Amino acid sequence: LAINPWDVMLCVSGTAIACENAIVVAIICYSPTLRTPMFVLIGSLATADLLAGLGLILNFVFQYVIHSETVSLITVGFLVASFTASVSSLLAITVDRYLSLYNALTYYSERTVLCIHTMLVGTWGVSLCLGLLPVLGWNCLHDYAACSIVRPLTKSNMTLLSASFFLIFIIMLHLYIEICKIVCRHAHQIALQQHFLTASHYVATKKGVSTLAIILGTFGASWLPFAIYCVVGDPDYPSVYTYATLLPATYNSMINPIIYAYRNQEIQRSMWVLLCGCFQSKVSFRSRSPSDV
């Protein structure tokens, strides 16, 4: 078969995603200090994105080397499960950030750990179930009329996935708005106590709100075009439309480790210790809560 340049771009994207997130997973597994709920959730996100990157690579290899309907179903199901786990992990991180601000006094408790573990079980359980649906028979291999823009997934399957994404996006939007309200309220309380809002507090508040806007904007810009096209698109449309919306969606998994992992000082320290030992163990970094990241 002639190699499709779009497939090559997806494979390159998958390679970059896998390499970036493999480093994050290795750092979190290597460092005993990174065992807090915040880093467990970041590890879940990095693992999901790592699997998604590997899935893109395997999909390219199997598409041009092994021509099998069974393999096609397995790789597509693997990608669905991985990207679903990635998006769901982003929601779990958002919930964790909200809880760290809303329940600041009781955040560091066993109840929080139980909540995080429950979210992780739910995230990966739902993702695995959605990934198994095509393999268990919800596909259009023998009914082309039922196919979506991503063969062999059916239109109803893609509609379910898109509706799930829209729901997650709305929940994240609501939570980030609430987080912004809490941050602004804290800044106002500080201003009342000190009789004025210092420049440093104003800059920190503005930076925090801007960071939240960038996080949500990046997530929406990456996934919304593909999610919308999954609903309105038709399999008879040129495949370039599918590739043009799917490729930016994969970039979200490439950006996630930069936003959620590499900006964190504790992960930066662990990364240098793991890769080149540039830092000594006595070097101190301020331990931060999820609301700081």
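Heads up, the Cβ atoms here are built off N, Cα and C, so glycines get one too.
Summarising the annotation, TrEMBL assigns domain 'G-protein coupled receptors family 1 profile' to 20-260.
Listed by sequence, the residues of this chain that lie at least six past the ends of the transmembrane segment (6-31) yet keep a Cβ under 8 A from its Cβ atoms are 39, 42-43, 46-47, 49-50, 52-57, 59-60, 63-64, 239-240, 243, 246-247, 250-251, 253-254, 256-258, 261-262, 266-267, 270-271, 273-274. Per TrEMBL, transmembrane segment is recorded for 6-31 (among others).
The transmembrane segment annotation in TrEMBL covers 38-66 (among others).
Among residues of the same chain six or more beyond the transmembrane segment (72-93), those with a C-beta under 8 A of the stretch's C-beta atoms are 41-42, 44-45, 47-49, 51-52, 54-56, 58-59, 62-63, 116, 119-120, 122-124, 126-128, 130-135, 139, 141, 150, 152-153, 161, 164-165, 168, 171-172, 219, 223, 249, 252-253, 256, 260, 290. Annotated transmembrane segment per TrEMBL: 72-93 (among others), in sequence order.
According to TrEMBL, the transmembrane segment annotation covers 114-138 (among others).
Among the features that TrEMBL reports, transmembrane segment is placed at 158-177 (among others).
Summarising the annotation, TrEMBL assigns transmembrane segment to 209-228 (among others). Using a Cβ-Cβ cut-off under 8 Å and counting only residues 6 or more beyond its ends in the same chain, the transmembrane segment (209-228) has close neighbours at 87, 90, 161-162, 165-166, 169, 172-173, 176, 179-180, 183-184, 245-246, 248-249, 251-252, 255, 259.
Residues or ranges marked as transmembrane segment by TrEMBL: 240-262 (among others).
Taken together, the residues of the domain 'G-protein coupled receptors family 1 profile' (20-260) have an average pLDDT of 85.
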